[in-house]
Structure formats: structure tokens, C-alpha cells
Amino acid sequence: MASMTSLCAPLILLVLLLGSMMVASAANLNQDFDITWGDGRANIINSGELLTLSLDKTSGSGFQSKNEYLFGKIDMQLKLVPGNSAGTVTAYYLSSKGSTWDEIDFEFLGNLSGDPYILHTNVFSQGKGNREQQFYLWFDPTADFHTYSILWNPQRIIFSVDGTPIREFKNLESNGVPFPKNQPMRIYSSLWNADDWATRGGLVKTDWTQAPFTASYRNFNANACVWTSGASSCGSNSPSSTSSNNAWLSQELDSASQQRLHWAQKNYMIYNYCTDTKRFPQGLPTECTTS
């Protein structure tokens, strides 16, 4: 028995090490993020369990992930600026660098007390965006933490809120639509003043008597392929090479998830670029007319 145990132990350790290559720690935000700007307005506290960003009239603040990722299932819990948040934007997104960058956006547009936040989403591929969809939420995002997730694999991008999908952007490269799949991206977040456009097109300005404005983050988890020195920790991006631990690499919406997606879009979507014929008088973008 002792010899069998000695043989099994290294195998178990190897499995654990391979699994850990793909999963960023959810325990300590200090391990996963760097504060990048704000001159003390961003803080990681409670032994790394909580991250806060704040905004005042002088400056906002922001952070970024230590790792770059090429595909992943990214979860973060956010609690947004309470009260009169008009003019403020809390951005939480994935982005690469360069003039032909890729980007996957959550942006939360503040509003007057009692009015709903607007959740703004966008997808950039090779430097081209203009793919906005906006939603109200079915809860008060300032009263408690809620989970905002991005599933990004070679076939699709799915935005979810508390496990409910609200948007799917499919890979339609076969129809000439660029898809983010070659550029590793970091996670970024910032809290900043955008009262020139954020609330009712800039009609409602930030009330600085309410400052500082604060947004909070916790329970980050990235089941993802970490990009290091030109190589992916997943080894291969082919779904056929994945194990059950990274089944998200080939995940799609099942029938129940599709029903929840339709529910969210029917009841809470307030803007969809794919129906904005005035904006695209020459015809809607290809991805809007291709199933």
C-alpha cells in the first residue's frame, strides 16, 4: 500500500498543478490585479477580499489584471455607485493593445437617484466596435453585489448577469465578420467621470457634492487560458483537446439558457445596434442579418 500511495501522490499533484494553470485565484485580489491609476483612490482591502475604486472631482481610478488571457470564463462581483451616480461610468472589460485591438465591454452608466442604471455592452474586433447593446437590470445593482460574467471561447462571447445570459456574439468569420480570437487580453476596470455623454446624452451632469463615488469588487474568478511568453497555458485552443475542467472552451447556450437570454432581451434590452436602421442607412452589419 505504501508503494501505491507513493506512486499516486505525484500523479495527484500533477493533476492539481495542471488545473491550477488555468484558474486564477479567487481568494486574494492582490494576486490577480494591479492598481494602475488614481493616486490612492483605488484600494485592495480586507486581506485581498475586496477592491474599491473611487472618483472625485480631481480624478477617478482603475486597475488591471496581472495576467493576459486568450479565452476564458471570467466572473466578478460588483456593487455599483449608490445614490445619485449621474455622470459616472464604471467600466469593466477585456482589452488587447494596439491600433487593431480587441475588446469585450461591460460599462455601467450612472443615473439620478431612483432611476435605473444602464448596462452598456460592446464587442470590438480588430479595432472596430459600434456593436452596442444596452439593458436595464432587474434589480438594484447598488444595493448588493451581483456577478457579471464574460464567457469567451473560439465560437462565441456570452455576457451574463447572475448566471442569466443577456447577450451572445457569435463567431461569424465565415461571413466576413472579424472575431476576437488571436490577441490576448487583460482585464481592466475604471471609475471615471463621463458627464459629457453618460447620462441622458450629457444633459445630466455629475453632482460633485455627492463625491467621492465608490464602486466595489469581490469574488473574482477566471477559468481561463493564461497567455505567457507567446504561449497559452491551455496548450491548444482546440475544443477537442479540452478536459471537463475547461469545457467552457466549447460551451454554448442550451435551450434553457436560450430561453433566459430571450427573457432578458425582451424585458430589459433598451438599445440594440442590430435594429438601428437610422444609424446604418446602408444596411445593418452582417452579424445582425446572419443567424
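The backbone N, Cα and C atoms fix where each Cβ goes, glycine too.
Here's what TrEMBL has on this protein:
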SIGNAL    1-26  signal peptide
DOMAIN    23-217  domain 'GH16'
ACT_SITE  GLU103  active site, nucleophile
ACT_SITE  GLU107  active site, proton donor
CARBOHYD  ASN111  N-linked glycosylation site
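Locations of recorded TrEMBL features on the structure.
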{"residue": "GLU103", "record": "active site, nucleophile", "Cβ contacts under 8 Å, 6 or more apart": "TYR93, LEU94, SER95, SER96, ASN122, VAL123, PHE124, GLY129, PRO180, MET185"}
{"residue": "GLU107", "record": "active site, proton donor", "Cβ contacts under 8 Å, 6 or more apart": "VAL89, THR90, ALA91, TYR92, TYR93, LEU119, HIS120, THR121, ASN122"}
{"residue": "ASN111", "record": "N-linked glycosylation site", "Cβ contacts under 8 Å, 6 or more apart": "SER85, ALA86, TYR117, ILE118, THR199, VAL204"}
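For the domain 'GH16' (23-217), the model gives a mean pLDDT of 95.
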